[in-house]
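As given in TrEMBL:
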REGION    1-23  region 'Disordered'
COMPBIAS  1-11  compositional bias 'Basic and acidic residues'
DOMAIN    36-98  domain 'DnaJ homologue subfamily C member 28 conserved'
REGION    149-177  region 'Disordered'
Amino acid sequence: MAELERQHDDGGPAEGGMAPLREGEDEVRRARLIVDRAIARGEFDNLALAGKPIPGLGEAHDPDWWVKGLIQRENITGLGPRAILLRTEDAELDDRLDRQYTEKQVRDILEDFNDRVVDARRQLLGGPPVITRLRDVDAEVERWRSRRDAARRAAEAAAPPQPPKTSFWRRVWRGSA
């Protein structure tokens, strides 16, 4: 900072300007001077990672780091090893089943899921092991029915009571029809 003040007093460049590189100037001293000037101008204030650890520092080198970063940044789904995809689908399967209207749709989804789990277990292409369990179709259909009935009862309980309907003739007799 003393160097910055001395240059300003000597008629050198103003606070935001750069002094010309003199022959034989130590490059380390020049780099420090440039950083000090940037700090004085406030160029390092409010950086995105200020005071936080640098992401990925200290981790082992991953050759696919950019692909993983892209998938995370863009929220891309459906890519990755089968074992991971099946685990993710297994975690979301109940919600998917609850959106179905018929028992046949639920059974088809469960049978397709079980077929893909068995197929993934047979593949020996490497990657993480498939630890996703098969779903018992009949038990899952029964759970789907009970969740559906519970949701229906909750919706009926939350709905405001309907006023009793009066007959057409009663409304005519009162003169409100």
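The backbone N, Cα and C atoms fix where each Cβ goes, and this holds for glycine too.
Just so you know, TrEMBL annotations are computer predictions that nobody has curated.
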Legend entry - DSSP-assigned states of the domain 'DnaJ homologue subfamily C member 28 conserved' (36-98) in counts, ordered helix, strand, coil: 33 helix, 0 strand, 30 coil
Inset, instruction - For the domain 'DnaJ homologue subfamily C member 28 conserved' (36-98), would you mind checking the mean pLDDT of the predicted model? - result: 85
Inset, instruction - Over the span of the region 'Disordered' (149-177), count residues by DSSP class, listing helix, strand and coil in order. - result: 17 helix, 0 strand, 12 coil
